[in-house]
Amino acid sequence: MTKENICIVFGGKSAEHDVSILTAQNVLNAIDKERYQVDIIYITNDGEWKKKDNITQEIKNTDELVINDVETGEISQLLSKGSLGKSYDAVFPLLHGPNGEDGTIQGLFEVLDIPYVGNGVLAASSSMDKLVMKQLFEHRGLPQLPYISFLRSEYEKYENNIIKLVNDKLTYPVFVKPANLGSSVGISKCNNEEELKSGITEAFQFDRKLVIEQGINAREIEVAVLGNDYPETTWPGEVVKDVAFYDYKSKYKDGKIRLDIPADLDQDVQMTLRNMALEAFKATDCSGLVRADFFVTDDNQIYINETNAMPGFTAYSMYPNLWKNMGLSYPDLIAKLIDLAKERYEDKKKNKYKIDY
């Protein structure tokens with residue numbers, strides 16, 4: 001059987017750089033190397049692209065993926081041809097956060113006319129920006145918790161007015177979030193005005209725009225979505241925490257979470273969550289994969305929190321485990337995502353790019 005040549009891209013200029021490397025390690029160890037010949041491109045924190053061909057060995061430590069012993073390559077040349085001597089069948093970007101999950105690199109792949117796994121430019125960018133995402137959800141009629149958003153420049157000029165607005169519109173606790181980061185980077189749970197000001201200062205280190213959301217005592221439920229024009233969903237899973245707030249440290253370092261799959265919910269609530277996940281997928285014009293995150297209260301009120309256009313594939317990650325519960329193994333999930341990338345690319349080729357006069 002002729003192998004398909006795949007390129008996995010990871011790292012990147014983002015606060016989620018290390019998460020991306022961890023995700024790449026997991027995917028490289030799971031991908032079917034009998035079916036795929038896998039090259040890798042590591043993007044350093046400084047934005048340099050470094051490539052290695054035909055990765056066959058198990059990656060035992062993430063340090064093995066920090067490539068320093070090759071020269072920085074010219075981007076279009078690195079992506080133009082794989083180690084099998086032909087164009088890549090697909091590129092698999094495993095980049096989290098700005099410059100990778102936000103539509104930036106997806107635009108590059110579009111310009112270079114390369115099939116790639118995951119969401120397109122519009123879906124990636126709108127799912128990355130929490131304010132834009134919330135506005136699209138609102139237009140679709142999806143229930144959300146109250147929130148406030150503002151820019152760093154606005155806060156510098158109108159700090160007192162903004163603090164008053166938060167105190168008037170929301171009740172503590174609230175969550176302060178950079179608008180364009182994931183993996184809970186820069187997020188703070190604030191129980192009073194002093195913590196609010198500290199959380200705002202922290203979040204503005206990572207982004208020029210913030211979202212402050214109403215806190216709620218609710219269960220955190222997640223649904224995985226997979227597909228292009230006709231997506232499928234999983235049964236919901238629940239994030240059960242041994243900490244007050246599911247932050248970056250508890251997600252990736254401490255292991256202080258448990259994933260209950262499937263979640264212990266009434267059947268009708270589970271079906272509502274699956275349908276809402278599909279609506280969220282459509283609201284941001286997604287393709288490939290999405291994880292939709294929800295809050296569910298004790299009386300089964302449901303609020304959508306966000307969609308994640310590039311959910312992690314680490315050992316702690318909900319997305320692959322949700323599909324495993326549906327009978328789709330990790331290697332088969334990776335293969336399905338690559339097939340979806342090629343399917344979308346072939347569909348795009350049906351478009352006309354010139355007008356016949």
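Heads up, the Cβ atoms here are built off N, Cα and C, so glycines get one too.
In Swiss-Prot this protein carries:
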BINDING   167-222  ATP binding site
BINDING   ASP293, GLU306  Mg(2+) 1 binding site
BINDING   GLU306, ASN308  Mg(2+) 2 binding site
DOMAIN    134-339  domain 'ATP-grasp'
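Taking a C-beta cut-off of under 8 Å and a sequence gap of six or more, GLU202 (ATP binding site) has these contacts in its own chain: VAL176, GLY186, SER188. For the binding-site residues listed here (GLU195, ASP293, GLU306), the lowest count of other CB atoms within 10 A around the CB belongs to GLU195. Minimal Cβ crowding within 10 Å, among the binding-site residues ASN167, SER188, ASN308, is found at ASN167. Taken together, the residues of the domain 'ATP-grasp' (134-339) have an average pLDDT of 92. ASN167 (ATP binding site) sits 29 Å from ASN308 (Mg(2+) 2 binding site), counting Cα to Cα. The DSSP secondary structure for ASP293 (Mg(2+) 1 binding site) is strand.
Between the CA atoms of GLU306 (Mg(2+) 1 binding site) and LYS209 (ATP binding site) there is a gap of 17 Å. Residues within less than 8 Å, Cβ to Cβ, of VAL174 (ATP binding site) and separated from it by at least 6 positions along the same chain comprise VAL166, LYS189, CYS190, LEU196, ILE212, GLU213, GLN214, GLY215.
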